[in-house]
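Q: This structure is in C-alpha cells; I'll ask about it shortly.
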Amino acid sequence: MESRVLSRATTVAHVRRPLRESNGNASCSLLSIKPIGAVSEGGNLIWGRQLRPSLLLEASYPVTARKEILRPVMAAASSPAEGSDSSGDGKVAPVGFFDKYPALVTGFFFFMWYFLNVIFNILNKKIYNYFPYPYFVSVIHLFVGVVYCLVSWAVGLPKRAPIDSNLLKLLIPVAVCHALGHVTSNVSFAAVAVSFTHTIKALEPFFNAAASQFILGQQIPITLWLSLAPVVLGVSMASLTELSFNWTGFISAMISNISFTYRSIYSKKAMTDMDSTNIYAYISIIALIVCIPPAIIFEGPQLIKHGFSDGIAKVGLTKFISDLFWVGMFYHLYNQLATNTLERVAPLTHAVGNVLKRVFVIGFSIVIFGNKISTQTGIGTAVAIAGVATYSYIKAKMEEEKRQGKAA
C-alpha cells in the first residue's frame, strides 16, 4: 500500500544555483542532471517500494554542490541576499540550519517517514475492525490526497505543471496499476493481520526481478536470485502457520505485488521531466477515478443499506469522519515523506531504511493489536525480512559499482 510517484522519471534537465558576486548582480549557473537506471536497477521512484533517488548529479561535481542543490527552498528564501551590501562590499551569507546539520535533517525525514507509516497502518486496521469496506476506504485514501494536492496547487505550493494528452496516455497505465495494487492491499489488510500482509508484500522484490528477467529481458545475476530464496522460504513458513490466514487476504496481497510490479514496468515507459510532486498528484487523480466504480459496484448497496449506519453506531459520527480523514492524510503524507527521504540519501541507505520500515510496521502492529503469532510464523517473517535486506543490499551495491564504472 505504499505509493510511489514514478520509476526512474527523467528529471529536470537543469537546476539553477545562485552564485555570489561582489557587485550584487544576480547570476546563475546550470548543473546538469541525468536520468538513471532501468526498472530492474532500483525499483520505483516512490511508492514506498524499492529504493532509489529519482535523480543523481553528475559524478564530476563535488559533494558540496550537491548539498547546495538539495537545500530546501525555504532555507534559501529566508537567507539575506548573497554577495553584497549597500556599500558594495561582499558579505558571506550565514549558514542555514539545513546546511549546518544535514545528518540531523535526514534523520528527521526518516523518523517522520517511519512514524507516519506506522500510524497509517495502525489507524487503517482499526477502521477495518469496525468498518470492513476496503474498496470504499481505498477511495477515501486517494480522495483526501487529491484534495490535498488541489489545495496545494491553488496556493501555488507547488505550482501545477501542465499536462498534455501524450503524457496522460503514459500515466494512465501507471495509475491503473497503482489503483489495483492499492485496493488489493487494502482488501488484504481488512482480511488478515497487518503483520501477515506486510510479510506477503515482502515478496515484491521477487516479482520485480521476475518481471525484469522475463518481461523486460534484462539479465538478473544469480546472486540476486539466490538472495531472494530466503524471502520465498520465509513467506511460505509464515503462511503455513499464520493464525489469521485466509485465502482472500493472501491472494489479495499477491495481486498487489503483481500490480506494483507492472506499475514499475509502465513507469519505466512513462519517463518525463515533470517534478515528482505533480506526477504523484496526477496519478492520484487518475487512480481515484479508477477506484470509484468498483467501490460502488462491490460495496455500494451494502454501504447504503447498513454499512454507514453500523460504522457510525459503533464509534459515533465525529470519530467516523475524523478517522477517515486522518487515515487519508497519513497515507498521502507518508508517501510524500518517503519521496523527500529518497532524494536525500544514497540507494543503499534507503534500501536498508525501507527494510527497517517494514520491520517497524510489523512489530508495532503485533504490539498494538495483540496479534498472536506462532513460533514458525515469527521465524518465517524474520527470514523473509532478512532475505529482503540481503537482496536490497546486493542490488544497491551492484548499482553503485555500475554508476562508478560509467563515471570512470
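Placement of Cβ uses the backbone N, Cα and C atoms for every residue, glycine included.
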Q: Which one of 27-46, 227-246, 247-266 shows up in TrEMBL as transmembrane segment?
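A: Of 27-46, 227-246, 247-266, TrEMBL gives transmembrane segment for 247-266.
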Q: Between the transmembrane segment (167-183) and the stretches 101-123, 135-155, 317-334, 355-371, work out which stretch tops the count of Cβ pairs under 8 Å.
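A: The stretch I would name here is 135-155.
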Q: Does the transmembrane segment (278-297) come near the transmembrane segment (135-155), with 3+ Cβ pairs under 8 Å (pairs 6 or more apart)?
A: yes
